[in-house]
Amino acid sequence: MNTEMYQTPMEVAVYQLHNFSISFFSSLLGGDVVSVKLDNSASGASVVALDNKIEQAMDLVKNHLMYAVREEVEVLKEQIRELVEKNSQLERENTLLKTLASPEQLEKFQSRLSPEEPAPEAPETPEAPGGSAV
C-alpha cells in the first residue's frame, strides 16, 4: 500500500477503505460488482457504477460507525451522570459525617494516617457517639 502521500490517519483510513476488497462490497451490495472487476475491458459507465457502489458501501460503513459512536457516547453520558450522582451523595455523606464527628474523633483519625498521605477534610468512617460506626 502506498500511503506516503497521505498525511493524516484519516486520509490513510479513507485510502484503505477506498481500496478495500471488491469481493467484500460485492457480497454487501450485490453480485454485479464482481462482474465489473472481472471484465478488464470495463466501460466508463461500469467504472462509474463501481465507484458508486464503493461510495455507497463507504457511506454504509460510515453510518454504522456513526451509529455505534452515538450509542457509545450515550452509554458514557449515562455513566457520567451516575458517577456525578454518586459523587454528590458521597459529598453529602462526608459533610454529614464531618458535622457528627467530635474533634477527638477527627484527631484520632488524622493520627492514624501515614505521614506521606495528606490529611482529608473529614474522616472516612468516624464513630458515632456510643462507639458504633455510622
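Residue 1 is the first one shown; counting continues down the chain.
Glycine too: its Cβ is placed from the backbone N, Cα and C atoms.
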The candidate from Ser102, Ser114 that Swiss-Prot records as phosphoserine is Ser102
Per DSSP, the region 'Leucine-zipper' (76-97) contains 22 helix, 0 strand, 0 coil
